């Protein structure tokens, strides 16, 4: 099999990368109708598998789990999750031949093996669903022509897919039909019903392509969504400790600070996040952000280049063949970080304190979002896709860190995201330790900032540059469709 993206012509690549259309609410007026009469099987009961199944069942879809025979016989975790939640469970041989729609929500590394087992069992004219296009685009799997291939990709980990649904809202999603596999012209109808069943129609759905989803998703998760949060957590915690801050307090400040600060992004983008700072702190955060962008721009661009040309995927798949040697080494290294070992801090930290004492964290968030967004746009990815992958999903990832630090984030994101996160951190942490950390001022993190005079012209220009960035203009439009988005309360 050959990387699908690399087989396309230059013009075809641009067409696939740029495919993006925001779908109106009335396009989902039929709800789950297209799935009501269908037997839907989900393969895999991990974070995405379980939580998508719960949402779909609550929306009225008939869901069954198809699991490996060994998983059922040995009562492994996937079997336990499905049965504990009252779902019917069966083997591939028992479930797949009867299913109209088969949704493959196993890890990327398992897809080739899974498809080899289930494709001969799938009935003529059935549908195969994915929530990430890696297997189609990067591995280059060719699916039987009579099978319709669709994708609904929620823009967050599975845990947040469920939590946002239970709040009466949902998470944005990209949906797509693989144009090589839509013989009956039914793919989009089924994808819309699936997205509706997840609750994504309440948050915003983009009609996209498998290519655009994969390339933007890989870029977002490697850089701002996971990579910058992990690198920032390591750097900020170590800096606070080196300045005499209590380890328990520093641990809670970092662990919960990302969630508190990024919650402002959901309601008002970078502008609102920066407005939570004092005028002097806003100017300082802006200056730090610009320095970070100048230093990190080549790193972001190299990651995008390796995602587009397939180098990243090739290297990661080699690690799969080596029994995840690199991934497991990085995972163990992360578990031993001083931040992960820090004792719990029992006292409350007020919401505003995270902004007042977290100027560096705000700068890290701002720079990472803008760099990720700008790099994607330059590569041909549509602004709306880039927004979801760089800004909107960030608070949902930060929520996972607030639960159990970096361990929780890395457990609920995919192995693909986790691998890319570690790859990014290995470059960025030493780079910023040499360039940014030695030049921080008292008050940039963990301590009260100094009182300084504010120049009106500088403040005006700073506000203009924040508000006129393209991501802020795109964000205003996309957030206008999220009228029922639920806010988190911290104090």
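Residue positions begin at 1 at the first shown residue.
For all residues, glycine too, the Cβ spot is worked out from N, Cα and C.
Summarising the annotation, Swiss-Prot assigns domain 'KARI N-terminal Rossmann' to 14-208. What Swiss-Prot lists as NADP(+) binding site is 45, 46, 47, 48, 68, 78, 158. Residues annotated as active site in Swiss-Prot, with sequence analysis given as evidence: 132. The domain 'KARI C-terminal knotted 1' annotation in Swiss-Prot covers 209-344, and the record cites sequence analysis as its basis. Among the features that Swiss-Prot reports, Mg(2+) 2 binding site is placed at 217, 389, 393. Residues annotated as Mg(2+) 1 binding site in Swiss-Prot: 217, 221. Taken from Swiss-Prot, the feature domain 'KARI C-terminal knotted 2' applies to 345-485, supported by sequence analysis. Summarising the annotation, Swiss-Prot assigns substrate binding site to 414.
Comparing the binding-site residues 217, 389 on other C-beta atoms within 10 angstroms of each C-beta gives the minimum for 217.
Residue 68 (NADP(+) binding site) falls outside any helix or strand according to DSSP and counts as coil. Secondary structure at residue 45 (NADP(+) binding site), as computed by DSSP, is coil.
For residue 48 (NADP(+) binding site), the same-chain residues 6+ apart in sequence whose C-beta sits under 8 angstroms from its C-beta are 105, 131, 154, 157, 158, 161, 414.
Least crowded of the binding-site residues (46, 158), judged by neighbouring Cβ atoms within 10 Å of its own Cβ: 46. The Cβ of 68 has fewer other Cβ atoms within 10 Å than any other of the recorded positions 68, 132. Distance noted between the C-alpha atoms of residue 45 (NADP(+) binding site) and residue 221 (Mg(2+) 1 binding site) is 22 Å. On the 0 to 100 pLDDT scale, the domain 'KARI N-terminal Rossmann' (14-208) averages 96 in this prediction. Using a 10 Å Cα-Cα cut-off from residue 389 (Mg(2+) 2 binding site), the recorded positions that qualify among 47, 68, 78, 132, 221 are 221.
Spanning the listed NADP(+) site, residues 45, 46, 47, 48, 68, 78, 158 have a farthest Cα to Cα distance of 21 Å.
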